[in-house]
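Undergrad: According to TrEMBL:
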COMPBIAS  902-912  compositional bias 'Low complexity'
DISULFID  83-356  disulfide bond
DISULFID  757-812  disulfide bond
DOMAIN    443-808  domain 'Ionotropic glutamate receptor C-terminal'
DOMAIN    453-515  domain 'Ionotropic glutamate receptor L-glutamate and glycine-binding'
REGION    860-912  region 'Disordered'
SIGNAL    1-23  signal peptide
SITE      666  site 'Crucial to convey clamshell closure to channel opening'
SITE      693  site 'Interaction with the cone snail toxin Con-ikot-ikot'
TRANSMEM  568-588  transmembrane segment
TRANSMEM  637-659  transmembrane segment
TRANSMEM  829-852  transmembrane segment
């Protein structure tokens with residue numbers, strides 16, 4: 001009986017122990033989900049079913065679950081349902097709710113020592129925000145584990161924006177997004193000087209867009225379009241799809257926009273729809289999970305198998321999985337793995353039901369051990385690898401950055417651009433390689449306006465496209481050769497640069513860009529604030545300044561330019577001085593007659609005095625010897641006066657004939673604005689016209705110079721002095737008195753290439769703007785073009801292009817107001833025409849005087865004798881002509897000797913003089929012909945005999961010639977001047993003494 005009793009007792013004990021183990025093998029897990037998280041509940045139940053069917057992790061253990069749904073914004077309800085689950089004896093709590101209710105559950109879990117695996121869920125699929133930490137007792141353990149990794153959206157978007165080098169963009173967020181989640185991002189952008197605008201997207205997007213069109217003016221709408229070029233979207237995929245569709249259909253964005261959508265909860269299906277609805281460039285940032293490419297490796301992990309419908313990427317169910325669904329599945333795997341390890345270690349602690357209401361309720365004793373086991377081990381699942389750090393967070397998170405290229409085609413392909421994780425940061429590049437290094441295949445439509453020398457037609461063949469040349473065309477060709485794109489160019493329909501009309505629309509070249517009919521605008525297009533509000537500009541490739549084109553003064557032909565050094569009054573004073581000094585010299589000689597030397601042929605008549613003063617004035621000397629002190633004193637000062645006058649005349653004449661630049665009254669824009677005699681204007685509704693008007697009318701930048709210019713240009717409403725095109729202004733300057741205000745570069749080219757060099761330019765001192773290439777708002781080519789333009793400027797290629805159209809060795813002087821050449825001017829016939837005229841007049845006058853003198857001499861010398869005289873014979877003729885000498889007679893008086901005696905006289909070594917008294921019979925002045933002959937006394941001196949003949953109207957006075965090296969002196973022959981004849985062979989020899 002004792003043995004039977006013992007066996008029965010053992011059997012009862014064994015049965016009780018089996019029941020205990022069996023009861024402990026039932027694992028109870030509680031779950032609280034948001035009411036909108038029905039899909040989380042579905043995946044949660046699927047994970048539990050997979051574990052209960054397969055014995056890979058749990059062999060004999062089974063998992064039971066209790067699920068409750070709560071309002072995510074009602075923390076009290078969440079706590080109430082959690083207490084109910086704890087009363088049922090759960091070993092762990094899984095929640096998929098928002099931050100507000102999670103905080104209350106965290107406090108409850110810490111109090112009851114129940115491991116709480118929290119999966120953060122954002123409302124309506126909006127991007128997550130950081131949950132505010134819940135206060136807890138210092139030193140106590142935190143039983144809440146964050147299954148989803150921390151929010152790194154601020155770090156990721158900051159990296160992406162910096163990589164794209166954005167400095168100005170707008171950030172859109174939907175109404176369900178907690179904007180406090182991007183406070184850190186906004187602070188960092190502000191520190192880096194980025195211009196970020198914020199706009200909330202209402203639930204009724206159509207009404208929001210309609211209100212924009214209704215409340216904004218045209219200019220504000222253009223600025224808003226400019227803002228939409230770069231945008232970051234913090235919103236759910238559904239809201240993003242609706243918003244993109246609306247702005248595209250309302251033409252608020254074009255193909256040149258670039259938007260970034262960031263949200264962890266973006267599925268492949270959402271991505272396809274977003275790309276299909278958008279235009280331009282789209283970048284998507286979403287969370288990704290590194291998985292093996294092999295499907296078998298995806299679904300089979302270390303010690304368990306994952307449901308094929310969830311791990312196969314080709315399965316439709318897998319494609320529609322949300323991020324929270326994946327974490328729900330892996331959480332169940334992690335808890336099952338933890339329970340299995342606890343059973344193997346025989347450290348299982350059963351838990352009775354807990355009550356949250358009782359004050360003396362004690363927490364679960366095995367909660368700490370369970371929490372440590374969950375933190376210690378991880379599990380591979382749908383989220384790659386799930387594990388926790390000491391602070392209860394999941395460190396494993398990866399973001400992939402997907403993007404499309406620019407284009408108008410919808411349904412473009414999406415490619416992965418880069419990866420990001422908290423440890424390594426950005427892995428890859430976001431630069432659009434297609435646009436930076438190779439634009440081959442891209443054809444740009446270029447609109448232009450003809451403006452020399454920027455854009456000109458080089459070839460216009462009928463039936464073929466026009467070919468263009470110019471400085472801007474050279475710049476565009478340089479960009480095309482480097483980037484590889486091609487272009488089609490056409491001229492703006494109205495041949496204007498464009499301005500805003502009364503209805504708010506732009507015309508001309510600007511209108512072609514605003515209305516998306518052209519991709520690029522190219523010409524002498526200046527960068528202005530008004531234009532920048534509707535289009536984009538590259539960096540300036542040439543400086544711009546305002547100048548004025550004027551016609552050079554005509555150089556008139558002055559035949560008497562030689563008289564220009566002295567004024568007419570000075571010439572009159574000089575002529576009067578010559579007459580006055582001549583008269584004074586004559587009077588001084590008349591009052592005190594000078595003693596004339598022997599052989600002198602001069603006399604102190606008034607005529608000779610005038611001639612002597614004039615000859616000395618023109619530095620030709622004189623013949624009248626003045627011996628009186630008064631006359632010599634007078635002539636000394638006169639010669640000094642003549643020297644100064646002639647020297648001054650010579651210097652001034654040289655300066656006058658060599659100076660080629662004559663100062664003009666208009667040498668700057670200030671000079672132009674101060675005068676009113678010369679009208680001037682510019683092209684109506686051009687950038688120059690707007691600049692002058694702005695600086696004249698705007699009270700904040702009013703300039704007196706531009707105010708005066710505006711009054712002249714706006715005379716009679718601007719139609720009188722302004723023109724429609726620049727060619728009209730240049731033609732107007734060429735034809736008459738007019739000043740054309742325009743771009744200095746254009747005016748310098750026109751002045752350089754004028755055939756007559758008839759233009760000169762005046763410009764402002766410093767450039768305040770520049771020429772740029774215009775593009776549509778948000779064009780992807782702007783930054784690339786600007787970078788290449790800077791490279792052309794740095795390596796000197798831009799200067800080479802400029803020298804082609806503005807050469808330094810121009811044949812015309814751009815800054816001289818008269819028609820001159822850069823080389824030295826040779827004196828032409830016009831400069832000395834007056835001198836030749838004076839000489840010709842002198843020759844003609846001399847010939848006339850010679851003819852009159854000849855006639856007068858013949859009349860006086862050919863008087864015919866009367867009949868009474870002829871009848872009286874020779875005696876009567878002698879009475880009529882008391883001079884006894886005939887035409888061939890040469891009476892001599894050699895110191896009382898006759899002619900024959902003189903002929904026989906030999907030369908002596910001592911020179912003597914011959915005295916002659918003219919006969920009184922001559923009634924006209926007689927001339928004494930004295931011939932002097934000198935011979936050297938030294939026979940060794942072989943110098944030839946020298947002779948000199950002197951004519952004088954006075955007989956020579958006796959003089960003594962000292963003995964010297966001269967041996968002979970001969971002379972002496974007189975005859976009446978009218979009767980003199982040239983010596984012949986039959987003439988008597990000269991007497992010798």
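Note: Cβ is positioned from N, Cα and C throughout, glycine not excepted.
Source: prediction; values computed, not measured.
So where do these features actually land, and what's packed around them?
TA: Within the same chain, the residues at least 6 positions away from residue 83 (disulfide bond) whose Cβ sits under 8 Å from its Cβ are 108, 355, 356, 357, listed in sequence order.
Close to residue 693 (site 'Interaction with the cone snail toxin Con-ikot-ikot') in the fold, though at least 6 residues off in sequence, lie 710, 714, each with a CB less than 8 Å from its CB.
Here the transmembrane segment (568-588) has Cβ contacts under 8 Å with residues 604-606, 609-610, 612-614, 617, 626, 628, 630-631, 634-635, 638, 641, 645 of the same chain, all six or more residues outside its ends.
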Undergrad: Which of these recorded positions has the least crowded Cβ, counting other Cβ atoms within 10 Å: 356, 666, 757, 812?
TA: 356
Undergrad: Reported as an integer number of Å, what is the Cα distance between residue 757 (disulfide bond) and residue 666 (site 'Crucial to convey clamshell closure to channel opening')?
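TA: One finds 18 Å between the Cα atoms of these residues.
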Undergrad: Measuring Cα to Cα, how many Å separate residue 666 (site 'Crucial to convey clamshell closure to channel opening') from residue 812 (disulfide bond)?
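TA: Residue 666 (site 'Crucial to convey clamshell closure to channel opening') to residue 812 (disulfide bond), Cα-Cα distance: 18 Å.
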Undergrad: Could you please provide the mean pLDDT value for the domain 'Ionotropic glutamate receptor C-terminal' (443-808)?
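TA: Residues in the domain 'Ionotropic glutamate receptor C-terminal' (443-808) carry a mean pLDDT of 80 in this prediction.
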